[in-house]
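Have a look at the structure below before the remarks.
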Amino acid sequence: MSTRTPLPTVNERDTENHISHGDGRQEVTSRTGRSGARCRNSIASCADEQPHIGNYRLLKTIGKGNFAKVKLARHILTGREVAIKIIDKTQLNPTSLQKLFREVRIMKILNHPNIVKLFEVIETEKTLYLIMEYASGGEVFDYLVAHGRMKEKEARAKFRQIVSAVQYCHQKRIVHRDLKAENLLLDADMNIKIADFGFSNEFTVGSKLDTFCGSPPYAAPELFQGKKYDGPEVDVWSLGVILYTLVSGSLPFDGQNLKELRERVLRGKYRIPFYMSTDCENLLKRFLVLNPVKRGTLEQIMKDRWINAGHEEDELKPFVEPELDISDQKRIDIMVGMGYSQEEIQESLSKMKYDEITATYLLLGRKSAELDASDSSSSSNLSLAKVRPNSDLSNSTGQSPHHKGQRSVSSSQKQRRYSDHAGPAIPSVVAYPKRSQTSTADSDLKEDGIPSRKSSSSAVGGKGIAPASPMLGNAGNPNKADIPERKKSPAVPSSNTASGGMTRRNTYVCSERCAADRHSVIQNGKENSAIPDERTPVASTHSISSATTPDRIRFPRGTASRSTFHGQPRERRTATYNGPPASPSLSHEATPLSQTRSRGSTNLFSKLTSKLTRRNMSFRFIKRLPTEYERNGRYEGSSRNVSSEQKDENREAKPRSLRFTWSMKTTSSMDPSDMMREIRKVLDANNCDYEQRERFLLFCVHGDGHAENLVQWEMEVCKLPRLSLNGVRFKRISGTSIAFKNIASKIANELKL
């Protein structure tokens, strides 16, 4: 694959001194002096100019916020992919720093198969690096936008995992406080991973918390009322909103502005879709209770009839954290071969230092999908789950009773989850490299060499997802997701594809210092409260196709939303760091709930609207730049002379195979090169700028530079092996859902495939 030349509009300015040198803060990390290992072998061969952080080779930016960015990276010693959250500490005030360190401390003590795992912490004088699981399956939010509501069987499988993970947090006296569809990630096997603990806090029974934080549509009524709370009950309310969202594809409480939303939440009335089962409705009534004292606990909800339907012999129970497995001799032997001594390995693991040794040990316990693929795979492919398309339907042994009804997966996929096996999934034939003794100061990080785009991600960065933590020893995930037959269905044609029916929600926090502002909003929110009790269901008008999903409430309201994607970049909707900036009342740059919202009569409201409407989108393309394929004479239809070697290379190049098909807008039996030629023709006809990033991947831009109508997206021709067809994958990078829907549907309809 030829080297990509990023468009100027998405170039990223250099990051200041992202090199692991200097002593880290002891409360955050304990590092050895050899965190700068460079690649020296076939697993991670690289040129000197490639940027590194510690033992990690940076691949591309997958998330970006005010004070942080998230990069996809590969661990040089093991070849595993990770997400690295890079936080600029110099931009944070003391309060924000304190919350950042609290987030790190909380992530260190969490060890659940459905919670994103922290591997390593590297700290310099100016920068903090959090190395975490990489999310290859994306967000539940994006799944719902692309696929519509889940069937209750599928929703139950996901929700059991969510409840198990949140209850585990509560039993460790941790409250998340920002549970929403955007912070629920999917790993390669479509299992849930909860991410983004930036708003989490430790609670004590008998003590009250008083910080209002989270996303308003998911926030409990007591938060809108400015009341103090114990902690777990606000998560329980958010789980009720999530359950409703999974089953219906829409929010139970919504409004065109914050005041309207607040009134609907405080009224506590929501529409029950006709297709929702009685058991599911009854479960919702245990979550969405206005009085927090009467709201159900997760221990009680785990015994609910709907939760355990189909799992009668294996009722959902509180997760029992297994003893830490720090004595796996197979992994230790591999690390000794890398150059680590037995003594330093034991010291690091016994103290759980979260240094390079801890990270290497943890990563060795994970089967890397990338090892199954060619090392020459493009970095674009790294953003998706690279699993073999074929499925061994016979490999279904060794699963817990929770796996009944789950789709079978190939043996390579099952090796991905260490907790599903009696031992870590360590390839026996892989020759692991030896660590380098080179200091990190020798490897200056030059991020301008990485194609980067305005993108988003949650705390995990690709909100970093991988399977269950190897620290779980032999304990299997008791809540592994049931994947319904939906995943095996043919790709949906353009005319039937569900699209952007949901609008991304922003998270913010009111600190104690803005209590007066919050009270003002609450009091003023009582004015003009003549709002109908029930919303009339309206078919979504935001489908890519003319056929809409009839059972989904109209979700978007023209919001200039900015989305969070894993594995695929998109403009950031919130700061990757999840703590408040200099403003005492806001923690994120966010987007107004609606473009038509009032400009705010209160201090908090004005802060929200003024702070949240800023855009860094003041650019446009005047002329499409020549792509690499055009410059090298490899542009289809070009009359330039092309060498026979180049022709052979083009002829042998094949589209990437996709395991899932919900992002497909159209399918065709046409030759992939002919499909690319047709796509370029339609893009030119619609005045779209584009760049050919790879053989079958285009990065596209449309609009006049204003935030309301500027859209960036990817179009890729992919192979659908199960259907023996090729498809066109659309992936929104930035811009509003409405603007993307308009241009994407126009292009899809004009394609003659």
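Placed from the backbone N, Cα and C atoms, the Cβ positions cover glycine too.
For the residues Ser350, Ser543, Ser734, Swiss-Prot attaches the annotation phosphoserine to Ser543, which does not rule out the feature elsewhere. Looking up Ser207, Ser374, Ser520, Ser663 in Swiss-Prot shows the phosphoserine annotation sitting on Ser374. Lys85 is the only one of Lys85, Lys89 that Swiss-Prot places in the ATP site (with Ile62, Gly63, Lys64, Gly65, Asn66, Phe67, Ala68, Lys69, Val70). In Swiss-Prot, the entry for phosphoserine among Ser455, Ser494, Ser540, Ser610 corresponds to Ser540. What Swiss-Prot records as phosphoserine, among Ser35, Ser419, Ser457, is residue Ser419.
For the domain 'UBA' (326-365), the number of residues in each DSSP class (helix H, G, I; strand E, B; coil) is 29 helix, 0 strand, 11 coil.
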